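S.K.: Structure provided below as structure tokens; questions to follow.
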Amino acid sequence: MKQGGWTRTLALTVCSAAIGGTFQYGYNISIINAPTAYVQKFINETCMERWGTALDSSQVTLIWTFIVSIYSLGGLLGSLLAGPMAIKCGRKGALLLNNCFLFLSAVLALSSRYAGSFEMIILARLLVGVNAGVSMNVQPMYFGESAPKNLRGAVAFSSAVFTALGILMGQVTGLTEVLGSESLWPYLLASNALPGLVQLITLPWFPESPRYLLIDRGDREACGQALKRLRACSVFTAEMEEILQERAGAGEARAKTLWELFSDRSLRRQLYTVMVASSAMMLCGNDSIYFYASYIFQEAGIPMDKIQYVTIGTGACEFTSAMVCNLLIERVGRRLLLAGGYLFMSCWAVVFTVALSLEGKVAGMPYLSMVCVFAYILSFGMGPAGVTGILPAELFDQMARPAAYMVAGSMMWLNLFLVGMAFPFIVSGLGQFCFIPFCGVCVTACLFIGFTLPETKGRTLAEITEEFEKRNKKGTANGLPKYGPQSQSLTDPSECLETENI
């Protein structure tokens with residue numbers, strides 16, 4: 001491996017942060033699908049014991065939909081907490097503290113059946129959503145600030161790889177042969193505590209974000225130590241110089257609040273870009289497939305006894321595509337992967353609609369429908385799944401980045417909640433045309449990103465900001481960072497000495 005590349009400490013830091021971070025997001029999205037029938041039965045039995053009357057199917061579905069979707073409301077709350085936590089506790093400290101929500105959620109999930117309370121499941125899902133909301137914002141921030149420029153995209157995209165791995169592992173754990181049986185579903189919902197425990201044990205051994213240490217805390221010595229460990233070299237003059245220039249550009253300014261971010265005209269176009277990209281990531285309906293995989297495959301005509309195994313294929317597809325995209329992102333670039341991903345998703349949504357319309361008329365249509373769902377997920381994993389989370393780290397400076405992630409996270413979780421609540425009704429109401437609304441979202445996102453987002457691969461923040469200013473008719477010189485477009489970013493491979501690369 002060439003110098004200036006992946007080092008052992010950087011790779012282990014990524015694994016430790018992600019296993020209790022975005023891995024949890026994917027894991028908790030997928031495990032909720034397996035116990036659907038058992039939890040709905042538990043809800044009905046609980047109501048019978050309390051009030052002596054059973055709920056009708058629509059009432060049970062409504063409560064179940066709320067249990068599924070409140071995860072998104074918790075994520076929205078977590079995304080709002082993420083910025084203050086990242087500023088006060090640091091990036092690493094925020095991830096560690098975030099596990100408190102997870103462990104409390106696991107206790108509630110384990111106790112719910114013994115207490116005869118489905119409300120405890122609702123609260124558990126809310127808390128695990130808070131955990132996911134914090135980690136989905138803080139982890140990409142931590143990675144983006146800790147990686148060298150030549151690996152910034154790949155390191156940040158590893159968040160999407162671990163999300164896909166979490167989805168796949170959640171689907172495997174949810175099999176009836178593992179924890180997806182009627183007697184074990186509380187343990188399935190509480191199993192997310194194990195990855196959190198792994199992070200709690202391992203992450204304290206790895207460095208804090210160097211940029212946070214120098215720019216936010218003003219601790220140059222700690223920043224140097226962190227860079228030395230992450231780069232596995234004793235000379236990193238260029239990277240330290242760039243961080244110092246960014247700190248000088250910030251002056252005595254503190255981190256921006258949400259209101260200050262929205263009021264800053266020089267960041268308006270960047271903010272709109274992040275908001276649209278984050279909204280499209282959830283409005284495209286991909287993550288709702290994991291919430292309601294059973295509904296979709298039933299509609300596609302897949303036999304009931306085969307659905308849990310087919311569902312694993314969806315997680316395997318996203319994991320495979322995320323791994324491939326992780327290798328391509330520094331070669332192809334962000335803009336092409338994002339726009340191209342949405343373009344392919346829109347095409348597969350059309351094919352899926354045709355396949356559903358011809359079901360019962362043409363042989364093999366259920367299996368074509370299944371292929372379309374897999375291809376839709378593959379296209380999502382090849383771009384939108386990982387690139388979207390990188391954008392706030394690359395488009396905003398240290399002072400604006402926490403607030404930008406709060407905005408991006410809020411848009412993601414709010415739209416996930418709306419789609420999660422509406423998805424089963426869209427499937428039942430539109431039938432074979434259920435993916436047409438998502439096709440429209442994908443086409444719109446493809447066009448917007450293609451026309452508004454400049455390529456950010458291998459470019460400094462100053463260069464990216466300058467490009468936005470050129471595209472902005474109302475841009476002024478005041479919108480440019482004080483440290484200038486020629487600042488060199490991150491470690492030059494030739495400066496690294498005694499590198500311990502993997």
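Every residue gets a Cβ built from N, Cα and C, even glycine.
A TrEMBL annotation is a machine prediction, not a hand-curated record.
Okay, these came from TrEMBL:
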- 14-457: domain 'Major facilitator superfamily (MFS) profile' (DOMAIN)
- 472-502: region 'Disordered' (REGION)
- 62-83: transmembrane segment (TRANSMEM)
- 95-114: transmembrane segment (TRANSMEM)
- 120-138: transmembrane segment (TRANSMEM)
- 150-172: transmembrane segment (TRANSMEM)
- 184-206: transmembrane segment (TRANSMEM)
- 271-295: transmembrane segment (TRANSMEM)
- 307-329: transmembrane segment (TRANSMEM)
- 336-355: transmembrane segment (TRANSMEM)
- 367-391: transmembrane segment (TRANSMEM)
- 403-423: transmembrane segment (TRANSMEM)
- 429-451: transmembrane segment (TRANSMEM)
S.K.: Using a cut-off of under 8 Å between C-beta atoms, tell me which stretch among 150-172, 367-391, 403-423 contacts the transmembrane segment (307-329) the most.
M.R.: 150-172
S.K.: Under an 8 Å Cβ to Cβ limit, what residues of the same chain, 6 or more beyond the ends of the transmembrane segment (62-83), are close to it?
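M.R.: Answer is 28-29, 32, 36, 39-40, 43, 55, 94, 98, 101, 118, 121-122, 125-138, 255, 258, 291-292, 402-403, 405-406, 408-410, 412-414, 416-417, 420-421, 424.
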S.K.: Under 8 Å between C-beta atoms and at least six residues away from its ends: which parts of the chain pack against the transmembrane segment (367-391)?
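M.R.: Non-local partners: 136, 140, 144, 152-153, 156-157, 159-161, 163-164, 273-274, 277-278, 280-281, 284, 286, 289, 296-297, 300-302, 310, 313-314, 317-322, 324-326, 329, 334, 337-342, 344-345, 348-349, 351-352, 355-356, 359, 408, 435, 445, 453, 456.
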S.K.: Restricting to CB pairs under 8 Å, which listed stretch, 95-114, 150-172, 403-423, is in contact most with the transmembrane segment (184-206)?
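M.R.: Counting Cβ pairs under 8 Å, the winner is 95-114.
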S.K.: If you average pLDDT over the domain 'Major facilitator superfamily (MFS) profile' (14-457), what do you get?
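M.R.: Reported value for the domain 'Major facilitator superfamily (MFS) profile' (14-457) is a mean pLDDT of 88.
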